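**Student:** Got a structure here, written out as structure tokens. Questions coming.
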Amino acid sequence: MASHSLNTLHTVFEYIWDRELPNDDFTNTLTVLGRTYAPGPPPHQEKAPDLRTLFHKFKPDQAADTEASWPREFLRDVHSRIWLTYRSGFPLIKRAEDGPSPLSFGSLIRGTVDLATVTKGFTTDAGWGCMIRTSQSLLANSLLQLRLGRGWRYDQTRECAKHAEIVSWFVDIPTAPFSIHNFVEQGANCAGKKPGEWFGPSAAARSIQVLCEANYDKTGLKVYFTASGDIYEDELFELAQQGAELRPVLILAGIRLGVKNVNPLYWDFLKKTLGWPQSVGIAGGRPSSSHYFFGFQGDYLFYLDPHVPQKALLIASEAPHESPDPNHYVEVESGLDLDSVHTNKIRKLHLDQMDPSMLVGLLVENRASYDALKHSINSHDQGSRFLNVYDSRPVLAAKSSGGLEESEFVDLGVLSMNEYDAIDDCDVGTCSALLRKERAFSHPVLVAMDPEEPEEIDASIHFDKDASILEKDPDRANETFEEIHVSETESRFEPDEPVVVSHDSAAVM
């Protein structure tokens with residue numbers, strides 16, 4: 001009886017969540033990853049839906065009417081995007097001893113929990129894997145564009161071997177190059193994430209970076225990650241240049257465009273990034289959850305929602321049968337359910353509802369593509385953009401580090417450390433773009449020790465005129481600075497590549 005009630009409740013939630021979204025904007029152009037579509041003429045006025053249909057499945061003619069309100073070519077483009085979602089029933093991901101429990105109220109409601117394995121680990125990512133799934137979607141669509149071109153369209157009646165191969169790299173088994181198992185493993189290695197813990201943009205980006213490098217022979221794709229939004233040409237070229245040409249490289253920018261919401265100052269530039277031909281979408285951008293954003297209309301962003309539990313995407317493992325881990329093997333069908341990674345359901349979110357923490361993806365296929373991207377970035381007003389291109393990292397020389405190790409960083413120019421205290425769900429390494437305009441510097445700075453210095457040095461902290469004052473009352477000036485221990489900075493910040501800042505202001509502008 002209880003099981004039947006849960007299934008009924010799950011069906012109701014699924015119906016409400018899965019309802020078609022009609023087009024109600026016939027003025028603004030539709031944009032999908034660099035392609036634009038006319039909104040089309042408004043349909044005839046329709047009656048409001050009967051609320052009595054709430055507990056009934058959507059009728060085919062109703063779905064057709066909703067679908068008809070969107071331009072056909074726009075729908076074909078959306079339907080061709082690879083859509084990776086929650087899955088259940090995949091090979092076990094072992095639980096960490098001090099990690100989250102696979103059993104939760106949400107998993108019971110969704111009906112995705114496997115009670116037979118719940119004490120051992122996870123066989124579903126429902127409730128915690130949305131950032132992984134949207135990052136997989138971003139990467140999968142990058143590979144789709146790289147191998148099949150932006151004009152390719154999914155056709156259910158025709159089999160495309162390259163498309164099927166790309167999807168097979170993301171199936172839910174440990175041996176697939178970009179499976180959730182490998183993302184979880186790299187999340188632990190790169191960001192200390194335990195199975196069942198929610199990823200942020202930085203953990204997702206670093207996982208993509210490591211996995212793409214490990215599987216470069218398959219993908220032919222390099223990954224450049226910036227946690228500040230700043231792209232340094234010398235580093236990018238060192239990573240991807242081959243002679244006079246540039247090999248394909250995926251630029252990932254882990255950024256935060258506000259404290260609780262996206263600052264309206266960045267709205268225009270955010271939409272422009274989705275309109276560039278190099279755009280492969282945005283992962284993140286919803287409080288305590290993540291979506292894959294692929295386009296916009298007016299001030300609304302279109303997205304694919306990963307919060308739709310489906311049966312695990314499985315194909316036969318290529319691992320040798322003498323593998324010591326029996327969890328690598330499950331009973332699977334020989335075919336690949338390609339239809340389950342595509343949808344034509346349209347969802348959109350207003351920019352003022354978007355979470356400011358996100359991962360922006362840009363695919364550079366060659367040198368001409370990079371030059372065009374650089375021009376697009378530089379043509380926008382610097383005060384309202386969150387991406388910048390520099391020849392190289394600026395340099396700051398220091399006589400002593402006061403005992404800092406080479407891997408430790410000091411962040412200069414933050415208005416108040418309390419800005420970071422307010423960001424509970426901020427992923428490590430993604431906060432450096434916060435309040436860029438009010439900061440003396442926008443990057444973590446590596447301060448190197450001068451080997452010529454004597455052993456006894458002044459290790460005290462000295463503040464310059466740009467140092468942040470936490471107390472505005474001048475009478476309490478002696479209480480205005482907080483002491484920040486190294487252990488605290490390590491727990492709050494995950495350093496990106498070392499950044500050095502020059503006294504020459506022209507180098508940073």
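Backbone N, Cα and C define each Cβ position, glycine as well.
As annotated in Swiss-Prot:
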- Cys130: active site, nucleophile (ACT_SITE)
- Asp305: active site (ACT_SITE)
- His307: active site (ACT_SITE)
**Student:** Let me spell it out: for each of the active-site residues (Cys130, Asp305, His307), count the other Cβ atoms within 10 Å of that residue's Cβ, using every protein chain shown. Which one has the most?
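**Tutor:** Buried the deepest by this measure is Cys130.
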**Student:** For the C-alpha pair, I'd like the distance in angstrom between the residue listed as 'active site, nucleophile' and Asp305 (active site), rounded off.
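**Tutor:** That comes out at 9 Å between the alpha carbons.
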**Student:** Taking DSSP as the reference, which of helix, strand or coil describes Cys130 (active site, nucleophile)?
**Tutor:** helix
